[in-house]
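Student: From TrEMBL, for reference:
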type     : residues : note
COMPBIAS : 1-13     : compositional bias 'Polar residues'
REGION   : 1-24     : region 'Disordered'
DOMAIN   : 46-438   : domain 'Major facilitator superfamily (MFS) profile'
TRANSMEM : 49-67    : transmembrane segment
TRANSMEM : 87-105   : transmembrane segment
TRANSMEM : 117-134  : transmembrane segment
TRANSMEM : 140-161  : transmembrane segment
TRANSMEM : 173-193  : transmembrane segment
TRANSMEM : 205-225  : transmembrane segment
TRANSMEM : 250-270  : transmembrane segment
TRANSMEM : 285-304  : transmembrane segment
TRANSMEM : 316-334  : transmembrane segment
TRANSMEM : 340-365  : transmembrane segment
TRANSMEM : 377-397  : transmembrane segment
TRANSMEM : 409-428  : transmembrane segment
Amino acid sequence: MSANDRSPVNTLTAEAEPKSYEPEDLIQEKPVAPQLGEFPEGGKEATRVVWGAFLVLFVQFGVMNSYGIFESQYLADQLRTDTASSISWIGTFQLFTFFFAGAFIGRLFDSFGPTPLIVPGSILLVFGLMMTSLCKEYYQFFLAQGLVFGIGSAMVFYPALSAITHWYLKRRGTMMGLTTAGSSLGGVVFPIVLNKLIPAVGFPWAVRVVAFICLAFLIPAIYLIKGRLPRRQFAGFGSLLDFGGLKDPVYLLFLVGSFVTVLGTYNPYYYIETFAVAHNYSPNVYLYVLAIQNAGSFFGRVIPGIMADKLGFMNILALACSGAALVLYTWLAVDSPAGLIVWAVAYGFTSGAFIALMPACIGKITPDTTKYGGRAGLLFGFVSFAGLTGPPIAGALINHDGGNFRDMIIFSGVVCTAGACLFWAARFKFAPGLFVKF
């Protein structure tokens, strides 16, 4: 198989694997020497790409993971006449745009490489934040933060991570974990920056400062991130989605598992600060609890990424999602500020692996790498609707329960449990055996 036959994009893990697997092949971990040799697995250029992707995710997911701060601000001031559920649609449309655009951006990356996507994406990301700082009405926030920032986020995120697949194969899980840890670190920094600046200089200038920080990080990232593999001729979006994958029971299980997991896994990131405010915890708690949760996810991205290289991507993903579901149920027992902080760290850690390992797992269950792009596109497009509806459903449950978070927590725990069960089913369907590395 030539390099041109690969679909490295969208392809966060589109490795050149055999056409089919046998369980004994998985157990023995037979190497494919000629293909492994194509990947540098290190060096100055490869290291620069990792650092560039780290900078991208620091600002892109750092700001996106801070939406709980924006929602609390909108509820208290700009959109105080709207409900938490309606305001959450701004953030969820941002998440929907981010996932849905991923299906198209992968195809463009194949043909044009990272730079022609990251440059306009950076402009849109910063422009969306600048426009958010000027917004007064609901529809303005929806367009600026939900649409423009969402598209810009997708245009910088997917090419940045996809570029890493040009340079690493054996160490890909570790490099992905280190890179996606940037999103968690940004999720620690930006909530603190916003919470400090909003009282000091006001919301508009606080958001503008965040936009300037993003610009300062994205400019060097554009220089650092380079592709390596030959580009494919752009042939349009006709083969964008591989609906034939739905006939594969393993892929179908993974697709549905990803959908229901996204329905629940992001809800705590949207509502944990609102939870702290509703329970009259001190500002020292509710102003920093989201940052603390993101700090937990930093380790939840790095450690599982390293473990995935040793024990298998699907094994670690299913295990992490099981842990996240279990921790979600324990949120019902939280009745003190100290308990909430401990819970935030635990949930951040267990939920952190999902976004880092989900794309890699698609490659593992798609032996024919020529189908990876279409299957990844279908998954991202399908999952985008879960990102669009999950937090509003959670917000509606809070409102329906008179401000009580019990129903929202149970809903989130149930759907994450269902997702974990489907991941385990996909794993054992594809590779039976308890101690198989997969």
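Backbone N, Cα and C atoms are what each Cβ position is placed from, and that goes for glycine too.
TrEMBL entries are annotated by machine, without manual review.
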Student: Mind checking which residues of the chain, 6+ beyond the ends of the transmembrane segment (285-304), have their Cβ under 8 Å from one of its Cβ atoms?
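Tutor: Apart from its flanks, the transmembrane segment (285-304) reaches 65-66, 68-69, 72, 177-178, 180-181, 183-189, 191-192, 195, 268-269, 272-273, 276-277, 316-317, 320, 337, 340-341, 344-353, 355-357.
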Student: Considering only Cβ pairs under 8 Å, which range in 117-134, 173-193, 316-334, 340-365 makes the most contacts with the transmembrane segment (250-270)?
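Tutor: Answer is 340-365, with the largest number of Cβ pairs below 8 Å.
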Student: Return the stretch with the most CB pairs under 8 A relative to the transmembrane segment (87-105), choosing among 49-67, 117-134, 205-225, 377-397.
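Tutor: Between the stretches 49-67, 117-134, 205-225, 377-397, 377-397 has the largest tally.
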Student: Go through 140-161, 316-334, 409-428 and flag the stretch with the largest number of C-beta pairs under 8 Å relative to the transmembrane segment (377-397).
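Tutor: Looking at each of 140-161, 316-334, 409-428 in turn, the most contacts to the transmembrane segment (377-397) are made by 409-428.
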Student: Excluding the flanking five residues on each side, which residues at least 6 beyond the ends of the transmembrane segment (316-334) place their CB within less than 8 Å of a CB in that stretch?
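Tutor: For the transmembrane segment (316-334), the far contacts come to 261, 264-265, 268, 300, 304, 307-308, 340, 343, 346-347, 350-354, 357-358, 361, 405-406, 409-410, 412-413, 416-417, 419-420, 423-424, 427.
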Student: If you average per-residue pLDDT over the domain 'Major facilitator superfamily (MFS) profile' (46-438), what number do you get?
Tutor: 85
